[in-house]
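Enquirer: First the structure, which I've put down as structure tokens, then a few questions once you've had a look.
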Amino acid sequence: FPQSQCKCKPRLRSVAVMCMNTTNVKFCHVERGWGGVYVNYIRVPCTVFPQVHSVRCQDPHVGQEDENTDRGNWSSKREYMLSMIGYAVGLGNVWRFPYLAYKHGGGAFLIPYTIMLAVAGLPLFFMESSFGQFCSQGPINVWKAVPILQGVGITMMLVSTFVAIYYNVIIAYSIYYLFASFQYPLPWSAKDCNSTGLLDSGQSPSEKYWDEVALQRTSSMNETGPVVWHLALCLLLAWILVGAALFKGIKSSGKVVYFTATFPYVVLFILLIRGVTLEGAKDGIEFYIGSKSNLTKLTDSEVWKDAATQIFFSLSIAWGGLMALSSYNKFYNNCYQDSIIVCITNCGTSVFAGFAIFSILGHMAHVYQRPVSEVADAGFGLAFIAYPDALSKLPISPLWSILFFVMLITLGLDSQFAGIEVIATCLQDAYPKLLKSKRGIVTTAVCIVLFLLGLPCITRAGIYWVNLIDTFCAGWILLVAGLLEVLGLSILYGGNRFIKDIEMMIGSKSALFWLWWRACWFFITPVVLSIILVWSLYTFTSPTYGSVAYPDWGISLGWCMTAFCLIWIPILAVWKVYKASGGPWQRIKEACSPTEDWGPYLECHRGERYGTRGATDPNIFVISNKFTTRL
């Protein structure tokens, strides 16, 4: 097209073409219309198009400055780091780590916690994030490196799907409590419960409110009861928030995490400042991590097992989210440095959150004239019973309650973003032509389906379903996936080969630099994961919710969910061997070897080690921009 017609604005449903003259090359946008196309609102007859060999539709979710014009990239490094921190830092940092630290010797617990971070957490986090970044693919397609283990990617996606179902229910609980906080006195305070007759039993006011008002809980899983409509509406709102944030993929979620990833730190800091000024706060902090630390606890094997498990789950390893998020990085991003920053930030947040939680629980213990050990709790008991009860004792209690539940919502949302990103990325990687430029439709469809699947979790027996899915889908399945992942890359693919892949992105490093990572990937990390897995299976007991046992059919359903997630690993392994050619050994060898198209996604990054994907067309003229992306 003439250069004079290259100053058009981007329009909806536009296509990108190259406007060329003798002096330069530019991109402009044209709009299809009657009788031809419109460039800068000027109609150009269709007869011009015989001179154009190809017109490529522009993906609205891919920026003009992106290195990867097929999948897109993060708009900035800052958005990626905030997304990774938001994904890793979740509800467990606030409602599980402080309780484990108190339970296992206070400050002494930091010793096994730090050691497990070094030998299991960091090595796996670094491995997953560099794995996804290297090939720019999600958790299923990355296994083109070791096709026989592609079922591991499917397991990761299914686990993320199950967890996304109930995780948003927890966010819905937080939204309900947030709305309930806009009244004085707080509805779960002793004063309000006296006026409403909720103190007839031996339960605390907050526990009574949680069971009878918020959940309307039945006595067992056998009594499903109707849908609790206020929770259904909160769940719908939660999915609307997730869908809106992810409608344009990482381009929109990357903007949202500026708030959701940073606001929890603001609230934790405010709660800490308020907490340490309260009477009794010192007792709470002493119980958490003070002078009452018990070093003799380090001889207890359960302490080390809980430390390793907390590190593994806190960093969101083997969920697929690390690969999905890092797959949108630019190829030469320093994934090693990113891994160190995110892991240290995650663990530091856990420790910091403990001070904010236990300072206020110490005040609560002082008010009730009871030991801190009798008011400390974990999980739902901390988030929706113990801590709200403590906040109701403070002056201007609605303000502190609003801040706390907004913090829980933001902590949950950015972790949920990554879970949905896993599903959407896997779908788009599997059907790139069909779903290209349809990211909004994919995200909306996923959110609608998962909302409907989550309806059993907001019936009057919903809390039993949430606890059941959490036990059977977010437990030792991840240990199996993580163990197969590290064994597959270090043994089948080759640890040294994987290190060379990483060096293609971050530059060559000395043998001394890789000494620790080799030791972890080849020996230490697999051994640690194996011990945790065997220990978890050996000590497994049927789940309960408080004192309520699950019926036999509920336990059987839980094992069916576990089997559904894991069965794809052997099925895909057998299928890959079956599809290979040659004798039995040749088939297995081929199924364990990378596919022909494995390697960096963009041709310009494949280099001599991987070459080009197929024959070069001599009629193609390659133009490189400032990102060395081949157009």
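Don't overthink the numbers, they just go from 1 along the chain as shown.
Glycine residues also receive a Cβ, built from the backbone N, Cα and C atoms like all the rest.
Note that the structure is a prediction, hence the values are computed from the model and not measured.
Here's the feature list from TrEMBL:
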type	residues	note
TRANSMEM	80-97	transmembrane segment
BINDING	GLY86, ALA88, VAL89, ASN93, SER314, ASN346, LEU411, ASP414, SER415	Na(+) binding site
TRANSMEM	109-127	transmembrane segment
TRANSMEM	148-179	transmembrane segment
TRANSMEM	227-247	transmembrane segment
TRANSMEM	256-273	transmembrane segment
TRANSMEM	307-328	transmembrane segment
TRANSMEM	340-361	transmembrane segment
TRANSMEM	399-420	transmembrane segment
TRANSMEM	441-463	transmembrane segment
TRANSMEM	475-494	transmembrane segment
TRANSMEM	515-538	transmembrane segment
TRANSMEM	553-578	transmembrane segment
Enquirer: Tell me the Cβ neighbour count for SER314 (Na(+) binding site), meaning other Cβ atoms within 10 Å of its Cβ, over all protein chains shown.
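Expert: By my count, 23.
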Enquirer: Please figure out which one of 227-247, 399-420, 475-494 racks up the most CB pairs under 8 Å against the transmembrane segment (553-578).
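Expert: Result: 475-494.
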Enquirer: Looking only at residues six or more beyond either end of the transmembrane segment (80-97), which have a C-beta under 8 A from one in the stretch?
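Expert: Sequence-remote neighbours of the transmembrane segment (80-97) are 74, 129, 170, 250, 253-254, 257-258, 260-262, 264, 310, 313-316, 321-322, 325-326, 328-329, 333, 338, 341-343, 345-346, 349-351, 353-354, 357, 378-380, 382-383, 407-408, 411-412, 414-415, 417-418.
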Enquirer: Please report, as numbers and ranges, the same-chain residues at least 6 past the borders of the transmembrane segment (441-463) whose CB is under 8 Å from any CB of it.
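Expert: Cβ under 8 Å, 6 or more out: 161, 164-166, 168-169, 172, 215-218, 220-228, 231-232, 235-236, 239-240, 242-243, 246-247, 249, 380, 420, 423-424, 427-428, 435, 469, 545.
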Enquirer: Taking the transmembrane segment (109-127) as the first stretch and the transmembrane segment (307-328) as the second, find out whether 3 or more Cβ pairs fall under 8 Å, excluding pairs closer than 6 in sequence.
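Expert: Yes, the transmembrane segment (109-127) contacts the transmembrane segment (307-328).
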Enquirer: Taking 10 A as the limit, how many CB atoms besides its own sit near the CB of SER415 (Na(+) binding site)?
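Expert: So the Cβ neighbour count for SER415 (Na(+) binding site) comes to 24.
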Enquirer: Note the Cβ centroid of GLY86, ALA88, VAL89, ASN93, SER314, ASN346, LEU411, ASP414, SER415, the recorded Na(+) site, then list each other residue of that chain whose Cβ lies within 8 Å of it, in sequence.
Expert: ILE85, TYR87, GLY90, GLY92, SER316, THR349
Enquirer: Looking at 148-179, 227-247, 256-273, 307-328, 399-420, which one has the highest count of Cβ pairs under 8 angstroms to the transmembrane segment (340-361)?
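Expert: Counting Cβ pairs under 8 Å, the winner is 256-273.
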Enquirer: Short question: most Cβ pairs under 8 Å with the transmembrane segment (227-247), which of 148-179, 256-273, 307-328, 399-420?
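Expert: Stretch with maximum Cβ contacts: 148-179.
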Enquirer: Is it possible to get the count of other C-beta atoms within 10 angstroms of the C-beta of VAL89 (Na(+) binding site)?
Expert: 27
Enquirer: Taking the transmembrane segment (399-420) as reference, which of 148-179, 256-273, 307-328 has the most Cβ pairs under 8 angstroms?
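Expert: Looking only at 148-179, 256-273, 307-328, the most contacts with the transmembrane segment (399-420) come from 148-179.
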